[in-house]
Amino acid sequence: MNTIGVLTSGGDAPGMNAAIRAVVRTSIYNNLRIMGIKQGYNGLINGNIYEMNISSVADIIHRGGTMLKTARCDEFTTEAGREKAMTVLKVFGIDGLVVIGGNGSLKGARELSKLGFPTIGIPGTIDNDLGYTDFTIGFDTAINTVIDAIGKIRDTSTSHGRANIIEVMGRHCGDIALYSGLAGGAESIIVPEEGFHIEEVCKRLIQSKNRGKLHSIILLAEGVGNIGNAYELGDEIQKYTDIDTRVTILGHLQRGGSPTAFDRIIASKMGAKAVEILMEGKTSRALGIKSNKVFDMDIEEALSVENKFDTETYELTKILSI
Ligand code: ATP
């Protein structure tokens, strides 16, 4: 192994920069050349690649986003696109690749591995939707952003005696809603993994109001299918309860911001380990964290692990919000 390439792909996540920094610095420490590939698999196919040095990654560990930029790339999902990528890797003399991204990006890494190219996947997405790892890089920062927003919305909700629906990201995964709901003391949490009855939500709101509570926070994950949209849900709740109900959609706010210490730490550990295992001659591996330990496993196996919803914690949130 002489030259390693690194790219970020899919949705950006706070902590990706810390992971890039660790890949770059660990490579240089081990006398390897390190090439930055810009805009994900797009840059790989189009040769948007440059050599990095120690100062390329100075002053980025605390910054959100990704200094290598990111993209979605349909061409890479085709055989012809991946063949082009293989040619570009050869032209630039890259003989190992680190891919930082979510589920789709790791599938891309798996496909390159299948073509015989040494590739390692690092889980970087705010959604925490990869079942094989306890945490993905960016999740902790996102839930901290959400609880900060909950605190602010709670202040104004209390002043006006309102209920507030806060819609959060996560695609088909309810983890952002669940964990920020627990940490933010939400009255109700609505996630795609669990059944949802509007009567139950309304009953809770009325009970809270009757015991003198001045505000209510309802956390709604974006992937919940059978409720129309957040505004329609708000209208329904207001109709049934007569409580003034407002909606806040946090949107891309959740994808930005300076990464938390936890995200910087796991990103740094994973970035370093990716280079170490490439040097050991390993390929087709995905990195993860379990019981506070960074590990690697077969990428195909990792992608086949079902993403289990934490029902125990979900039940706890119901107990704590009575
Ligand atoms: P996030 O979870 O933040 O959305 P992601 O990595 O899951 O991130 P995707 O858009 O699903 O985001 O995937 C990113 C890119 O990975 C795609 O644009 C595509 O180039 C590549 N990719 C996705 N799935 C595959 C696949 N099955 N085979 C090859 N490449 C893939």
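Every residue, even glycine, has its Cβ placed from backbone N, Cα and C.
Of the residues proposed, Gly11, Gly15, Gly161, the one TrEMBL records at the same ATP site as Arg72, Cys73, Gly102, Asn103, Gly104, Ser105 is Gly11. Among Arg33, Arg154, Arg171, the residue that TrEMBL places alongside Arg21, Ala22, Val23, Val24, Arg25, Gly185, Ala186, Glu187, Arg211, Lys213, Leu214, His215 at the ADP binding site is Arg154. According to its DSSP assignment, Arg246 (substrate binding site) is in a strand. Residue pair His215 (ADP binding site) / Ser105 (ATP binding site) shows a Cα separation of 41 Å. Cβ atoms within 8 Å of the centroid of the Cβ atoms of Gly11, Arg72, Cys73, Gly102, Asn103, Gly104, Ser105 (the ATP site) belong to the same-chain residues Ser9, Gly10, Gly40, Gly101, Gly108, Thr125, site residues excluded.
A sphere of 10 angstroms centred on the C-beta of Cys73 (ATP binding site) encloses 23 other C-beta atoms. Taking a Cβ cut-off of under 6 Å from any atom of ligand 1, the binding-site residues Asn103, Gly104, Arg171, Arg246 reduce to Asn103, Gly104. In the three-state DSSP scheme, Asp127 (substrate binding site) falls into the coil class.
In this view, Gly104 (ATP binding site) is surrounded by 17 other Cβ atoms within 10 Å of its Cβ, with every protein chain counted.
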